[in-house]
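Peer 1: Sharing a structure here in C-alpha cells format.
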Amino acid sequence: MSKRTLFLQGLLIVLVVLGVTAVEDAAKSDGGAQDKGKPVAFQAEVSKMLDILINSLYTNRAVFLRELISNGSDALDKIRMLYLTAPKEPVNKDGVAPTLDMHVSIDPSNKTLTLRDGGIGMTREELENHLGSLGTSGTKRFMEKLQESKDASLIGQFGVGFYSAFLVADRVRVASKSDDSDKQWVWESAGDGQYYIYEDERGNTLGRGTEITLEMKPDALEFLNSDNVRRIVHQYSEFVHFPIYMEKGDKWEVVNENKPIWTRKPSEVTEEEYVKFYKALTHDYRSPMYYSHFTVEGEVEFSSVLFIPEEATQDIFINNENTRDNIKLYVRRIFITDEFRELLPRYLSFVRGVVDSNDLPLNVSREVLQESRILRVIKKKLVRKALGMISEIAETDARIKDEMKDKPKDENKTEDKGSIKHPKEPLYPKFWAQFGKHIRLGILEDANNRGRLAKLLRYASSKSNGTLISLQEYTDRMKPDQKNIYYLTGDSVDKMKQSPHMEEALQRDVEVIFMTDAIDEYVVGQIHDFANKKLINLAKEGAQFDEQTDKEKAIEKKRIEKYRPLTDRLARMFKRSNVRKVILTKRQTSEPFILSSQEGELTARMVNIMNQQAISSMQQMHHTRVLEINYRHPLVQDLLKRFEADPKDQVAVDVAWVLFGTANLQAEFPITDQAMFAKRMNRLLRGRVGISTDDTLLPPDDDEYDISDVKPDTAATDENVLLPIDKETDEIPEAEKEGSTEGTKTAAEGSTEEKEKEKEKSKEDAAAQDAGDL
C-alpha cells in the first residue's frame, strides 16, 4: 500500500472522529452542557402545525400566556382532586414541599420567561405522549382551519394550547416531576421538527409540578416586560382559581386577587362584593341597578352573574359595535372572549356580566361557538335568566307598592333607599325609562319569549294619573263585562286625552292605555292579545265597546241606505285625499267627522313618524284613511239635505271640506292644501255674518281722513317702524331711506303679478274640488 493511500486513510479516520465529536459536543451544548441524548422526530402533524404557528401567525400572540396558565391550572386541579383520596407529601431535594399555585418569573438578561406550577407533573412517558404527538381526532381539521384563517385564537381548541409557546419562543424547555416517577425529566425543543427528553441534571428541584422556560424570540421581547405580562394575566386569567404570583422587587406578589365570585354560593357573597366585582368588570364608576347570580345544572352546567347598569349607554337602534360585547365568556374560569355577541340577543345588549362553563372547550373559535349545541342551550337559558332578573325587579316593585298602600303618606317619605336587592322605593319605573325601548325591540325580534316580554311592558293610561301600569294591572281592574284592552298611540298623553277617539271611552268609564313610543304600534301588532284579551286601537275603523244586537244591525242597514246620497257624495269629493271609504260611525261622539285607519293600514301616528324619519320611499306610499260621519250631528243632517237638493251646493261643499280638514287636524293627519282650507273657512265666515262670500274687497277709505294739516312732500311714515341697518357700513340702505323709491316699482309689479296667478290657480283648484275631482 502506498504512502499516499495510507495518508488518505488516516486523514479520513481523523475527520470521522472529529465529526462524531462535533455532533456530540453540539448535542451537549444545545441549550446547556447536559447530554440530551438522541433527538426524537415530532409526529408529522406536530411538525406541520408548528411550521404554521411559527411562520404564519403574528396577531394576538399573547394567547400563549393564557394557554400555559390554563394548563397549569388544570394540573393543579388534577392533583388537588387526586390528593382528596390519596394524599402525599412530596418535597424537592431541599426538603421544600410544592404549593398549589403558579409563579411567573422574567429574566431580562437571559431573555427568558418561566412559568412554574405545583400541579400533577408528568413522567418521561407522559412528556413524550403529551408533547411529542397529537392524539386528538380533530387535529387535521384544526390545521386546515389554522391555515385557512391564520387566527391565533384557534389554538387550544383541540388540546394543542401548549404549542402556542412557539409563537413567542425560539426554544421551549419543560421540566416536570410527577409523584409516579423518582426522577425529574426535561422535554426540550426549538420547534425545528424534533425534541429531546432527558433527565434533569439539576435533580428534583420541583418536588412535584411543571416548569416551562421560554427563550424569547427577538420580536417578542415585549413579553419580558413585567407590566405587559401583568396586564395579560389580568385580561385572561384574572379569575383562575389558584394564585398566580409574579416577582416584584425581592418579593412575590399575587396578580389575580379578584376571585371569581360566580363560583361561590350567592348566600356567601355580600352586596358590596357584587358592586366591587361589577365596577372591576365594567369599569363603570356607578353601582349596578340590579344583579342576578345563579348556577344552571342539567344537560349543560354553567355559572353566571348578570348585571343591569344604572343607565343605558347607547341607543339600541344605533348600530354600535361596542354595545354588544358586554358578556364575558369563561371556560373553567379562563377568559375566552367578550366578542361573541350572539350570546345574548340584541335587545338584551345592555346586560353586563360573566358566563363560566366547564362544558365548552378552551379557546373555541367564533365559528365553533356558532355551531355549538352547548352554547345554544346556554344562550336559551341565559335569556330566560336575564328576563327573570327583570321580572324580579317588577315583582319587587309590586311588593313595595302594596307595603306603601298600608302606610300613611308621611311614613312613605324616607331618605333610606334600601339596598340593590331590597329597595325601599319602586325601581321598575327607572328601569323602564332607561331600557323600555329594549323590551319593545325584544317583542319584535324574539317570538319565543314574546309572552314573557309582554308582561314587562309599561304604559300610562287614562286612569293611572301618570303612573306606568302593566298589561296585567290593566286586565286585573277591567270592568266585568269588558272584553278587550283599548289603547291609543300618539305624540303625547295630553293630545291623546283630547282625541275624539277617547270620547266614548270616557263616557263609559273604560280605561285606555296611552302609547307614546315610535315603535309601539309595531309592538302591539306582534302581541295581538294578552291574557285572552284582544288589544284594540281606538283609532282604527270599527272600534267599538259593545257588539250590535240583531235589532241594531237591522236598523243600521236601513240607516246606511238613508245616508247613501251623502256618503257617496263625500266619497267622490275626498277620493283624491286618500279617503278609502266613507261610513256611518258607530261611536258615541260629539264630532261630525272622525278619521280612522283601516285594519292593516298606517295610522296618523305612523304617518307622522315616517315623515319625520324621511323615508325615501315615502312618496310612493299611500296613507289611506276611513271617514266616519256622525249622523246624529246637526251639520251632517244639514249636509244630507243640501246635497239631496243640489249635489253642487257651494255651502255644503265648503262645510264638508272644512269639516274634513278639522277631522284631519284632530287625527294628526296633515292638511295637504292649507291655502284652500283657509279660503273655504273665510267664505263660510263671510256667509255666517251675512256678507258677500266672494273675494270682493271694499273700496279704499282715503276720503274718510282729513289731511289738510299735513305739509306738502311729507311722506306718511310709521314712527314705530325701524329701518334696517347695513351691518358692514352702519348705514340705512338707499332703497330703504325716507322718500326713496328705488326698486319699489319692480317689486310691486312682481308681487301683483304673482298674486294674480295665485288667485287664478286657487279658483281652478276650488272649481275642481267643488266638482269632486280633488
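Even glycines carry a Cβ here, placed using N, Cα and C.
Found this in TrEMBL, in case it helps:
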SIGNAL    1-22  signal peptide
BINDING   Glu67, Asn71, Asp117, Met122, Ser137, Gly138, Gln157, Phe158, Gly159, Val160, Gly161, Phe162, Thr210, Arg366  ATP binding site
REGION    401-422  region 'Disordered'
REGION    692-774  region 'Disordered'
COMPBIAS  741-750  compositional bias 'Low complexity'
COMPBIAS  752-766  compositional bias 'Basic and acidic residues'
Peer 1: Using a 10 Å cut-off, grab the number of neighbouring Cβ atoms around the Cβ of Gly161 (ATP binding site), all chains included.
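Peer 2: There are 22 of them.
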Peer 1: Let me know the most crowded of the binding-site residues, choosing from Glu67, Asp117 and counting other Cβ atoms within 10 Å.
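Peer 2: Compared across Glu67, Asp117, the most Cβ atoms within 10 Å surround Asp117.
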Peer 1: Validating a neighbour-count step here. Other CB atoms within 10 A of the CB of Thr210 (ATP binding site): how many?
Peer 2: 25
Peer 1: Which three-state DSSP class does Gly161 (ATP binding site) fall into?
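Peer 2: Gly161 (ATP binding site) sits in a helix per DSSP.
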Peer 1: According to DSSP, which kind of secondary structure is Asp117 (ATP binding site) found in, if we only use helix, strand and coil?
Peer 2: strand
Peer 1: With DSSP assignments reduced to helix, strand and coil, which class does Thr210 (ATP binding site) get?
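Peer 2: Its secondary structure by DSSP: strand.
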Peer 1: In the three-state scheme derived from DSSP, which category covers Glu67 (ATP binding site)?
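Peer 2: Helix, per DSSP.
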